[in-house]
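To start, the structure under review is shown below, and the notes come after it.
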Protein chains: 2
Amino acid sequence: MGKWTEELTQEQITEVNRQMAIYRKGVQELIPSEDLERKVAKAVSEKRPLKIKLGLDPSAPDVHLGHTVVLNKIRQFQENGHTIQIIIGDFTGKIGDPTGKSVARQQLTDEEVKENARTYFEQFGKVVDMEKVELHYNSKWLSKLDFEDVINMAGKITVARLLERDDFEKRMDDHKPISLHEFFYPLMQGYDSVVLESDVELGGTDQHFNILMGRHFQEKYGKEKQVAMLMPLLEGLDGVEKMSKSKKNYIGIDESPNEMFGKAMSIPDELMIKYFELVTDTGPEEIDEMRTQIETGELHPRDAKMKLGKTIVKMYHDEKKAAEAEKHFISVFSERLVPEDIPVMKWTGEDEVGVLDLLVELNLLTSKSEARRMIQNRGVSLDGDKVEDPKLQVSVKVGMVVQVGKRKFVKIEM
Amino acid sequence: MGKWTEELTQEQITEVNRQMAIYRKGVQELIPSEDLERKVAKAVSEKRPLKIKLGLDPSAPDVHLGHTVVLNKIRQFQENGHTIQIIIGDFTGKIGDPTGKSVARQQLTDEEVKENARTYFEQFGKVVDMEKVELHYNSKWLSKLDFEDVINMAGKITVARLLERDDFEKRMDDHKPISLHEFFYPLMQGYDSVVLESDVELGGTDQHFNILMGRHFQEKYGKEKQVAMLMPLLEGLDGVEKMSKSKKNYIGIDESPNEMFGKAMSIPDELMIKYFELVTDTGPEEIDEMRTQIETGELHPRDAKMKLGKTIVKMYHDEKKAAEAEKHFISVFSERLVPEDIPVMKWTGEDEVGVLDLLVELNLLTSKSEARRMIQNRGVSLDGDKVEDPKLQVSVKVGMVVQVGKRKFVKIEM
């Protein structure tokens with residue numbers, strides 16, 4: 001505990017410690033930890049809110065559970081009276097964020113950026129109180145900068161420092177091109193923090209470099225440095241890659257109860273507890289208890305996962321819908337004798353495919369004519385629903401279960 | 001000879017060849033040579049002038065013989081009716097040109113840039129016809145660019161390409177910082193060529209990278225690519241480093257006849273012919289003859305150098321002043337028995353120094369009191385002029401001859 005305690009009453013110290021315990025929960029990196037404590041202490045003693053920043057790339061507006069890891073943290077700050085600054089990188093979006101990509105992303109038009117931002121706003125309301133949030137478009141200040149301003153900004157950072165960013169370093173090593181304009185994404189993100197005088201910036205660990213740019217530029221422009229609060233990345237349904245729209249391994253927060261529940265049931269057992277920790281409001285004691293019960297065999301992983309599915313559906317719909325989704329899942333899968341270990345097959349074809357092609361390509365049947373006969377005999381189901389029309393176009397999805405006859409099952413992976 | 005001959009009359013072909021012979025003279029690199037021929041042919045056939053660009057860094061406005069290598073080439077284009085575009089990098093000057101420097105240069109204020117530019121104009125009139133020159137300040141277009149324009153520009157070049165520039169590469173290898181804003185100097189220089197639609201850009205070989213940026217950006221912005229015409233660099237009085245104001249090894253074109261002549265006499269013998277070729281209007285036949293005469297011993301190098309001194313003074317003053325300067329030099333140095341091989345000493349002290357300190361630090365006398373006595377006895381001369389005042393402040397210069405008594409001489413190097 002730092003020097004800040006000297007000027008605080010015992011009651012205030014208790015309050016700082018209470019808030020710090022909440023903010024530290026689930027955080028992977030806090031840079032530097034003592035700065036956050038000092039800032040919270042000052043906020044408590046001066047009775048003024050901290051400014052908590054979250055920058056959003058408007059190129060992928062479908063909000064999924066991966067986003068909620070950070071949004072839940074935002075809500076914690078909000079519940080303690082702090083000010084949330086959400087920055088829509090509408091200007092930044094014209095460049096695209098090359099984080100974690102090995103090729104430059106395509107630039108968005110003004111129109112696309114605005115439309116995507118609107119979609120974000122609507123969905124965020126499910127997690128945070130949007131009426132208490134400060135919304136900012138960074139084009140407001142960035143579009144006003146002229147060449148001389150840009151040069152002044154560029155004069156405050158070295159090329160070597162920028163090349164330290166993992167993806168830039170890798171691309172240099174691999175002799176893959178980095179377009180000079182990509183260097184400006186982290187600069188802009190840092191400059192946003194200068195303009196907004198943010199106290200804390202939130203993001204996933206993949207934002208490590210960009211969020212530290214905020215500290216760098218705030219110092220160079222003579223401002224107090226923000227704290228970088230980095231949350232763990234949530235793996236998607238495949239259990240390997242970061243949850244993202246482009247990997248198609250996500251649970252969207254505006255999906256239907258049945259979709260949500262089904263997808264939750266498809267995550268690997270090993271990730272269950274991490275999901276409870278990062279995307280649900282389940283308390284740490286309850287999570288610890290579940291972990292122990294699973295280890296001792298007292299709780300079947302399938303039942304724990306059912307609980308996870310219900311918890312998630314309840315958060316984004318309601319308790320009744322959660323119960324119905326569970327019931328639907330059980331009736332479709334468990335009661336129709338879906339075996340415990342369904343073989344999983346990777347789908348590499350088109351997202352939209354005729355049902356006959358689907359059955360043949362999955363090697364469930366040997367020819368289209370055989371497939372057509374099986375459908376006419378009411379022997380084919382998709383996610384428990386009988387297929388009636390041999391001309392049906394199927395939207396292939398992760399976790400979809402294809403059944404032929406009584407015993408042949410395949411679960412699709414993408 | 002390229003395809004362009006097909007559309008030209010015999011007379012026009014002769015004219016193109018005549019001009020090309022002039023333009024090629026003394027050029028170190030012409031990138032690409034065939035493009036210049038094609039452009040000249042088009043200009044001759046369409047009876048329209050080419051646009052010949054020279055960009056100037058306004059941070060060092062004293063024009064010296066090093067500059068005239070390029071200015072003489074400019075005059076050749078001008079004499080053949082082409083348009084000269086002189087760009088004062090007033091905007092660029094705010095960044096400073098890191099070419100050939102291992103540390104970032106200090107930025108200039110608007111005031112300094114404007115004042116320096118004025119000084120350039122006055123001095124250029126001695127070599128080129130300034131009334132026929134198009135003068136441009138690049139702030140006119142560069143200051144109007146906004147952040148989005150800058151990003152678009154930056155999107156047309158890769159980081160790897162910029163790091164190929166010799167000085168950037170060296171600094172990366174040496175782990176010396178490159179500030180990101182320095183990347184913009186070559187971008188701006190290239191963008192100037194886009195705006196001005198230049199056909200040829202002139203510069204020293206140290207401008208190789210920057211001038212090729214013009215070709216790069218003209219192509220990216222859909223313009224015809226300019227030709228890079230790179231002139232050899234002129235070594236300064238020390239015979240080693242490029243002539244420059246900061247190295248104090250230059251002959252300024254507005255120096256007095258005696259200074260010019262004296263400095264010309266101080267260049268190393270090996271450089272004499274190069275000086276004749278690059279900074280005088282002496283014809284190639286005459287230069288060849290001198291070279292042969294020196295080799296055969298028919299012409300004493302000192303006499304050839306006298307001729308060089310006279311030729312230079314005549315160019316920037318007049319024939320009468322040239323004769324007087326020669327006479328002055330002979331009376332001061334040759335007749336006062338300055339030995340042929342004066343020992344040379346490197347001066348590492350301040351530029352301004354008291355004469356007593358100078359004599360002691362050069363080891364010509366052992367103490368200040370001895371030095372004072374020698375001056376009182378009229379035994380000390382600087383460049384042939386007797387020193388009368390022991391409190392004299394001396395501006396130390398390259399080539400300055402310090403004499404003590406009848407036989408002790410030292411020539412100063414810096």
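Note that Cβ sites are derived from N, Cα and C of the backbone, with glycine treated the same way.
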### Summary
Here TrEMBL annotates motif ''HIGH' region', and of B:8-17, B:58-67, B:78-87, B:368-377 the range meant is B:58-67
### Message
Can you identify, from B:107-111, B:167-171, B:202-206, B:242-246, the stretch that TrEMBL calls motif ''KMSKS' region'?
### Response
B:242-246
### Message
Considering every residue in the domain 'RNA-binding S4' (B:354-413), what is the mean pLDDT value?
### Response
87
### Query
For B:Lys245 (ATP binding site), what is the secondary structure by DSSP, using just helix, strand and coil?
coil
### Task
Please spell out the DSSP helix, strand and coil residue counts for the motif ''HIGH' region' (B:58-67).
3 helix, 1 strand, 6 coil
